[in-house]
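K.L.:
Can you read through this structure? Questions will come right after.
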Amino acid sequence: MTMALRNAFVLLFSCVLAISFCVWGKPATFLDDFQITWSDSHIRQIDGGKAIQLVLDQNSGCGFASKRKYLFGRVSMKIKLIPGDSAGTVTAFYMNSDTDTVRDELDFEFLGNRSGQPYTVQTNIYAHGKGDREQRVNLWFDPSADFHTYTIMWNHHHIVFYVDDVPIRVYKNNEARNIPFPKFQPMGVYSTLWEADDWATRGGLEKIDWSKAPFLAYYKDFDIEGCPVPGPASCASNTGNWWEGSTYQALNAMEARRYRWVRMNHMIYDYCTDKSRYPVIPTECIAGI
């Protein structure tokens, strides 16, 4: 038996012994972990299902969702956004507990642009039904020219939104200050491509140009590593899960520098500083990272 085969056997045997703590990621194809939830004619599988194309035209947008929900972990996808004039479109990648008035939700929303203008990504966080925590960042590259990795890291200590390896948003667990934090409700993983020209681009001033349709976005390298629900009840509270380790409980020094760089140079809206909406600064805004 070769060393590689022996190591693989040991890993598999260890997972069988500790099945409640063994979490797999990186499915071979889209359909391993996901299903189409909206307009299957507008989602096309590529390369044997290892990648997909989402289509928006005047007939419909489209969407997909994970087959299971997860409680804590890391979710990432590589996405190539709509090129050219994409004003009025929204490509969304998010997690949602689907529990109506008490829902938890973690949002990436990529807001379409006129040709030559920067792409804007809006993030939002709902905790125990309370949302309205929008932040907007202009991406510092062309996200339609190639694939980039978008990641949501969620553990008991914080939630971090990453663009490639750059953290663009941190939401700390500050329950000690009576700030709600998503902790009890498992969330599914969702993505949609849809028309929202009443608000998406310059507050709705820029309308969608249907002569540019169809609008196409591409996804690949779907990676979910977390505690599946239904699944072993002890998984979510297991401090041995890799995403709960000390390395992931706070930003490291390099991540903190990158985070400050994004905030200083590319942030264009932060609900924390919007006094017309919040005359008193929301408590979570002064909690730091």
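Using the three backbone atoms N, Cα and C, a Cβ is placed for every residue, glycine included.
Just lifted these from TrEMBL, have a look:
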type	residues	note
SIGNAL	1-18	signal peptide
DOMAIN	21-219	domain 'GH16'
ACT_SITE	E105	active site, nucleophile
ACT_SITE	E109	active site, proton donor
CARBOHYD	N113	N-linked glycosylation site
K.L.:
If you draw a 10 Å sphere around the Cβ of E105 (active site, nucleophile), how many other Cβ atoms fall inside it, taking every protein chain shown into account?
P.N.:
20
K.L.:
Pick the one among the recorded positions E109, N113 whose Cβ has the fewest other Cβ atoms within 10 Å in this structure.
P.N.:
E109
K.L.:
Taking just the CA atoms, what is the gap between the residue listed as 'N-linked glycosylation site' and E105 (active site, nucleophile) in Å?
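P.N.:
Checking the Cα atoms of the residue listed as 'N-linked glycosylation site' and E105 (active site, nucleophile) gives a distance of 25 Å.
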